[in-house]
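Undergrad: Annotated Mg(2+) binding site per Swiss-Prot: Asp11, Asp13, Asp241, in sequence order, evidence recorded as similarity to another entry. Feature annotation from Swiss-Prot assigns active site, nucleophile to Asp11. Residues annotated as phosphate binding site in Swiss-Prot: Leu12, Thr60, Gly61, Lys217, Asn244.
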Amino acid sequence: MKNEIKYLYSDLDGTIVSWNPKTEFVYQNKSYKNFHEVSDATISAFYRLQQKGIKVGIVTGRDYCRVLWLEKQLRTGLPTITLDGAIIFYQNEILSQTYLDDRFIEGINNIVKRFPEAAYKLNSGWISYFTKNPSVIFEIDYAFLGYFNPNTKLQKKFIDSTENWDLNKLKVNQVYFDIDTCPLAMQKEIIELISVSDVNAKIYEHSMYIIKNGVSKASALQSLNQFAIPITKDNTIVCGDGDNDIEMMQWAKHSVSLIGSNPKCFALAKYHTDSVDNDGIANWIEKNLLC
């Protein structure tokens, strides 16, 4: 197996980044959990893989503001796939991006005008458009933008929920709602709009995010061939734990999941390892790719 592998792509949260980090960082006099915390064992394993000639990349549902610093820490050499495949970044440029249809964004615009208290963001390339409404989720985004990315192309801008958006200028890769700020009537309208639109939505306890239908981590990995990166399902191993990793587990010949993962993701993976808090991925790499 190890002689086949030329590329390794790993998810972040729950895979190599713990949901319970041990460290914090301080931004504007407030402490935040450091979801950039990666163990020394993982950093070492990734570095030694690359020394061996196996290239390493990140594939995540995160916004790039929560990834860019990790690229440097892990010294990745492949394009970074963000927003579950909606944007691919490489060498400080956008390599590829997929937009939601203008008609869908117009529908979202009409809904938020009726519920101006809701907190959400529109991800658009290097720019994240936020409302000014209070949100625990987006407050953390502000902190990550300000603390880890002060001198990058990443930008934070604010959008007015009461205005008609200029869809000739506003091209959106992802819509992300803080569900805790959205009235039930609003949530119902959003779900109804989703049901008649060409979109893919992930709905969790506190959040909902929406990207173009057909876009996934797997589709993004497959698209890298058009950029002269000869990734195939046979020469790539993927690591993941969540429901948004299922399609890439189905695509790749070689896949690793961890104890504590989404049950379907875990069942689909070819190989299994210990939990993220016990350095599962690093240990698996040591035993199977660096031996």
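Positions of Cβ are set from backbone N, Cα and C atoms, glycine also.
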Undergrad: Are there binding-site residues among Asp11, Asp13, Asp241 that sit within 10 Å of Thr60 (phosphate binding site), Cα to Cα? If so, list them; otherwise say none.
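TA: Correct set: Asp11, Asp13.
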Undergrad: For Mg(2+), what surrounds Asp11, Asp13, Asp241 with a Cβ no more than 8 Å from their Cβ centroid?
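TA: Here the nearby residues are Leu12, Gly14, Thr15, Ile16, Val17, Thr60, Gly240, Gly242, Asp245, Ser261, Val276.
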Undergrad: Whole-number Å only: compute the distance from the Cα of Asn244 (phosphate binding site) to the Cα of Asp13 (Mg(2+) binding site).
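TA: Per the Cα atoms, Asn244 (phosphate binding site) and Asp13 (Mg(2+) binding site) stand 11 Å apart.
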Undergrad: How big is the Cα-to-Cα gap, in Å, between Lys217 (phosphate binding site) and Asp11 (Mg(2+) binding site)?
TA: 9
Undergrad: Starting from the Cβ centroid of Leu12, Thr60, Gly61, Lys217, Asn244, the recorded phosphate site, name every other residue in that chain with its Cβ within 8 Å, sequence order please.
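TA: Checked against the 8 Å cutoff, the neighbours are Asp11, Asp13, Val59, Arg62, Ile81, Thr82, Asp84, Gly240, Gly242, Asp245.
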Undergrad: Round to a whole number and give the Cα-to-Cα distance in Å for the pair Asp241 (Mg(2+) binding site) and Gly61 (phosphate binding site).
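TA: Asp241 (Mg(2+) binding site) to Gly61 (phosphate binding site), Cα-Cα distance: 12 Å.
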Undergrad: Secondary structure at Asp11 (Mg(2+) binding site) (DSSP, helix/strand/coil)?
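TA: DSSP call for Asp11 (Mg(2+) binding site): coil, neither helix nor strand.
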Undergrad: Just counting, how many other CB atoms are there within 10 A of the CB of Asp241 (Mg(2+) binding site)?
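TA: Total other Cβ atoms inside 10 Å, all chains included: 27.
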Undergrad: When you look at Leu12, Thr60, Gly61, Lys217, Asn244, which the record names as binding phosphate, what is the longest CA to CA distance in angstrom?
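TA: If we measure all Cα pairs in Leu12, Thr60, Gly61, Lys217, Asn244, the largest is 13 Å.
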